[in-house]
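As structure tokens, the structure follows; a few thoughts come after it.
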2 protein chains.
Amino acid sequence: MAANEFSETHRVVYYEADDTGQLTLAMLINLFVLVSEDQNDALGLSTAFVQSHGVGWVVTQYHLHIDELPRTGAQVTIKTRATAYNRYFAYREYWLLDDAGQVLAYGEGIWVTMSYATRKITTIPAEVMAPYHSEEQTRLPRLPRPDHFDEAVNQTLKPYTVRYFDIDGNGHVNNAHYFDWMLDVLPATFLRAHHPTDVKIRFENEVQYGHQVTSELSQAAALTTQHMIKVGDLTAVKATIQWDNR
Amino acid sequence: MAANEFSETHRVVYYEADDTGQLTLAMLINLFVLVSEDQNDALGLSTAFVQSHGVGWVVTQYHLHIDELPRTGAQVTIKTRATAYNRYFAYREYWLLDDAGQVLAYGEGIWVTMSYATRKITTIPAEVMAPYHSEEQTRLPRLPRPDHFDEAVNQTLKPYTVRYFDIDGNGHVNNAHYFDWMLDVLPATFLRAHHPTDVKIRFENEVQYGHQVTSELSQAAALTTQHMIKVGDLTAVKATIQWDNR
């Protein structure tokens, strides 16, 4: 395993799965964040250490490719690599493997550091990047953006209020909850009969405790859903999800 | 460990904690249910086996006593015992221990079997009870009931719609979610400054996917909250929680 890789095992438990016993998309994101936080801790890059440099990590985009979601009781391995970075962006990869080492899901994410003083993106401090032994690159891989959200097609919408238990230590919504809001707009019959195979998601603005959000869905084709989470007129999240029959 | 006891270790991870890094009450219940389901599996009492007898287990009451809720990263042990039963009721105990074996939380629950044919409580089939080697008793311990809900005192209310990801394999709401609805009505400032020490909860009617529920709060005293979850006029859940300063 390269110096910038880290992995751990995990047992999928019932409260991480949906009513059919399959790991939820929200929990897949939680597992990817978990393994990267554990890598951070193992390298001495605790949240407190990162904060001591006046910054915090913020994810701007994920691209996920999913072959299969594991079921309750499955022993899986979660793996991550802080692959590459440049002045402003860090490119991280994630894997979910079954107990035979087969890839069940793969993810890539683009992270930035935000300054606590200016609330703006800042150059990544060398001290919070060096321990990964990542490759410095001028051009990082570009993740595909979500498709244009077509407001004309089959649009449905549900409102959600951000709850206390949706927020994390930063005072912002844990990203995984966006998936619950996005997918809950789809009918249960659709969710039980399909599983996501490709997810393009872009985080544009933060959502905070007490905000009223709307989760908008446009189903461009039978197996393609477009999603938008808004706070008033402000777009917080955009996503496109490809589905396949289970 | 007696034949009817079962325990396992668990690491508290960030998505099981609130924004202060403390295990949530909902997750404490999830952990207690997890260890009892793992005991069931270890004894060959799978959900499919129980269902083959035409019944399903349903919890009617919990009483929890909490000294301290562990924090993200804590290694804990969860333990359960199917202590005693009679014709209609099974009494189960639960413990959450820290890595030094100190009790952090203790719980007791009363379970019944519900017939799939009649949707009513039925005598517990011998085959689903015998493997625990529990003690048959005419009189089981009685759990304290929640206090009378005082509608006149400081009442506040929030509506919630049951989401797809709130429901479990039985098509009903995972019990842990009731705690999110009950506690979300309290201000974040209260939740961050206090922790629950005693919880009496009674489940009276089932809540299902798509239901609109209301979570009603009556704060009888500074450190006592009374809760009611209703579907229309029907009471689904009643609870009384004692709190202490963190």
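Counting begins at 1 with the first residue displayed.
Placement of Cβ uses the backbone N, Cα and C atoms for every residue, glycine included.
Nobody curates TrEMBL annotations by hand; they come from automatic prediction.
Per TrEMBL, the features are as follows:
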- A:4-132: domain 'Acyl-ACP thioesterase N-terminal hotdog' (DOMAIN)
- A:155-244: domain 'Acyl-ACP thioesterase-like C-terminal' (DOMAIN)
Treating G and I as helix alongside H, and B as strand alongside E, what does DSSP give for the domain 'Acyl-ACP thioesterase-like C-terminal' (A:155-244) in helix, strand and coil?
18 helix, 50 strand, 22 coil
Looking only at the domain 'Acyl-ACP thioesterase-like C-terminal' (A:155-244), report the model's average pLDDT.
95
Sort the residues of the domain 'Acyl-ACP thioesterase N-terminal hotdog' (A:4-132) into helix, strand and coil with DSSP and give the three counts.
33 helix, 57 strand, 39 coil
